[in-house]
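J.: One structure, pasted below without further comment.
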Amino acid sequence: MRAFFILVTLICLAESQHQALMDYLERRLLAIEDRISIWHEQTNRYATELREFKQQIVAQIETLEKDKETLKTDLDSMGTRVDRVEREMDYLETQNGAQPCVDVDDKLVEQQVTVVKEKNKAKYAKATDCSDMISSIKAMKILKRVGGPKGMWTKDAGSGSGKVYVFNGTEDDTIYEFGSIRDFTTSQGTSMAKTVKLPSPWRGSGHTIYNNHAYYLKQGKELRLIKYDLRNGSVVDSAVFPIRDHVPVYSLTPETVIDLATDEEGLWAIYATKETEKQISLAKMDANTLDIEQMWDTPCPRENAEAAFIICGTVYVVYNTAMPSRSRVQCVFDVSDMVTNDDAPLVYFPKRYSSHSSLNYNPLEQLIYAWDDGYQILYKLAMKKKLEHF
């Protein structure tokens, strides 16, 4: 009997433990179900919030796209208005003769001068007693816009005829001749001009007019300089320019291989070769025979150069600068050794559009005729004597 009671006791104890285990498992399952329910609620809430956030972002993107289109339209309209104002200002300058002031930087920038290798050791024999150099640019005047981005315009640098000549572009066989500067400014385009048909096309923008003759470059297998009489319409003389392996004289105007220039001394040629590829060279020429009288290698680099001009035997090379709408004379070479880079004044050109494709000095007026992105500009110079800086 005692064994029976022990067995019954063990069975009751086992049933009690089983019931306790079942109760525990049931409580755990209920807790897990509660957590799963909470997770589902949170997931649904997060999904709802995410959808609402997505809708807000899409709405904002659509608003930004509309604002972008509106801003683009406003900017286009503003650009058109600025162009119109610039054209009106240029027109008013032409009509009223306004000459804007030129700001000159007070700080001088040191320039490293390379050693000049002279091609001709003989001292240059000056044709005149001219000893002027630039002191500053007093004013500029934009006359009009006619032609393409690159070209050349000038007056006759050797006579007082008053005629104006236009070489439009960098390759053509037609020159436009205006009777006066007034005819040029009042003409609609080239309507008032006489067209001069040359026997061969010119190349680049390095031409010049001197004593009723056009001097220009005919480029083929060889570089041939042409002297053309504008009065009777005939070629007076031509000569092969005696350089080999030529390169463009200015890096920013690669179409110009030889830049012909005139000053008080006569006719000059500015050029460059592969032998002195990084620097610009200079030659004095006989305007009557086209013979080369003397040659020099200058320290002036070709890199970033726009154009150059010559005054009293001194070549001034103009370079593009990092400042908006400005270029400046950064290298000066005087064949008489009276002026060096350190002595030369800091001269800024207040160009307004692109880079100068040509700069032509007129010694009779002491003006520079410039071509800037199709605009014809006059720069009025202030001069001083070369010896004043000593």
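Cβ from N, Cα, C; glycine included.
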J.: When you check TrEMBL, which of CYS312, CYS331 turns out to share a disulphide bond with CYS130?
T.: CYS312
J.: Per TrEMBL, which of 54-95, 138-179 is coiled coil?
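T.: Coiled coil, as annotated by TrEMBL, spans 54-95.
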J.: Which Cβ among the disulfide-bonded residues (CYS130, CYS312) has the fewest C-beta neighbours inside 10 Å?
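T.: Least crowded of the disulfide-bonded residues CYS130, CYS312, by Cβ count within 10 Å, is CYS130.
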